Amino acid sequence: MTIKKIAVLTSGGDSQGMNAAVRAVVRSGLFYGLEVYGIQRGYQGLLNDDIFSMDLRSVGDIIQRGGTVLQSARCKEFMTPEGQQKGADILRKRGIDGLVVIGGDGSYHGANKLSKLGINTMALPGTIDNDISYTDFTIGFDTSVSIVVDAINKLRDTMSSHERSSIVEVMGRHCGDIALYAGLASGAETIIVPEVPFDMDEIAERMKQNFAHGKRHSIVVVAEGAGNGENVAKQLVERCETLEPRVTVLGHIQRGGTPTPADRNLASRLGDFAVRMLIAGESAKACGIISNELVLTDIDKVVNSKKEFNMELYELAARLSQ
């Protein structure tokens, strides 16, 4: 089948670099002579037929912007077979031959459903959590880690002044990669993630020893999926009242801001790759990057698997924090 018209949407939680990916899809599509359409507000916009033509001007000056110019939304209706069929019918009525979906796990499930209804689909990993399997990194992850590291640097300054410990809660319900990479990069004394069991007695004892040996601060980075920051602080105080931990929940600040060059480049490569693969006749595929090489994986395979945690990196962080 010859691809003539493609559409792009962003779905689920936004991530820095989504705009760079949209830009790449549009510019690459136009370069290859395709008609390119944008879908506003993800799958909700698809069901509302909120679809518009995109040209070079529509993606001008967006590569450096956070968020998503196409906007995003949750859509309960699309989770139903009737909603999925409606979405596929709208795309066919519009004559759209291919769809590029940018988002996380839920977005991949949606793309997978559409592919089973005969829509040519490509999925790009747009999520700060870095929890998509079959790709080393997701769009937005590098920027989020940079934001967390910057926050920890600032917290370390003030904690050192008062000889206190700091509990930094970061995003990551099921995947602790933000905590892991930011913790390692910032020299955190403790990293708590959902993938690795932890002993609060050991953590409290190590923190006490650090202060006893002259350390002026202690940083604990905890992924939200491993435990509430306030709860971690409470447990530490129960074991040692002198620790005086202060809790900082970084929240949605981790999703905003200008994407790093790494995220812009990753998004640009993946967006262009998705278009070229659609033209080549591929469908129902997830685009990713492994060892700096662009790869295609069946969406079916991705949505039914869990990303492997990098224990080697976790053990390195533990060794360096002694």
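Including glycine, each Cβ sits where the backbone N, Cα and C put it.
Per Swiss-Prot, the features are as follows:
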type	residues	note
ACT_SITE	Asp129	active site, proton acceptor
BINDING	Gly13, Arg74, Cys75, Gly104, Asp105, Gly106, Ser107	ATP binding site
BINDING	Arg23, Ala24, Val25, Val26, Arg27, Arg156, Gly187, Ala188, Glu189, Lys215, Arg216, His217	ADP binding site
BINDING	Asp105	Mg(2+) binding site
BINDING	Thr127, Ile128, Asp129, Arg164, Met171, Gly172, Arg173, Glu224, Arg246, His252, Ile253, Gln254, Arg255	substrate binding site
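Here the binding residues for ADP are Arg23, Ala24, Val25, Val26, Arg27, Arg156, Gly187, Ala188, Glu189, Lys215, Arg216, His217. Their largest Cα to Cα distance works out to 53 Å. Under the three-state DSSP scheme, Gly13 (ATP binding site) falls in the coil class. Using the Cβ center of Gly13, Arg74, Cys75, Gly104, Asp105, Gly106, Ser107 for ATP, the list of other same-chain residues with Cβ within 8 Å runs, in sequence order, Ser11, Gly12, Gly42, Gly103, Gly110. Counting other C-beta atoms within 10 Å of each candidate's C-beta, the binding-site residues Val25, Cys75, Met171, Ile253 are led by Val25.
In sequence order, Gly13 are the binding-site residues from Gly13, Arg74, Cys75 with a C-alpha within 10 Å of the C-alpha of Thr127 (substrate binding site). If you compare every pair of Cα atoms in Thr127, Ile128, Asp129, Arg164, Met171, Gly172, Arg173, Glu224, Arg246, His252, Ile253, Gln254, Arg255, the residues listed for substrate, the longest distance is 33 angstrom. Among the recorded positions Arg23, Val25, Cys75, Ser107, Asp129, the ones whose Cα sits within 10 Å of the Cα of Met171 (substrate binding site) are Asp129. There are 20 other Cβ atoms within 10 Å of the Cβ belonging to Arg255 (substrate binding site).
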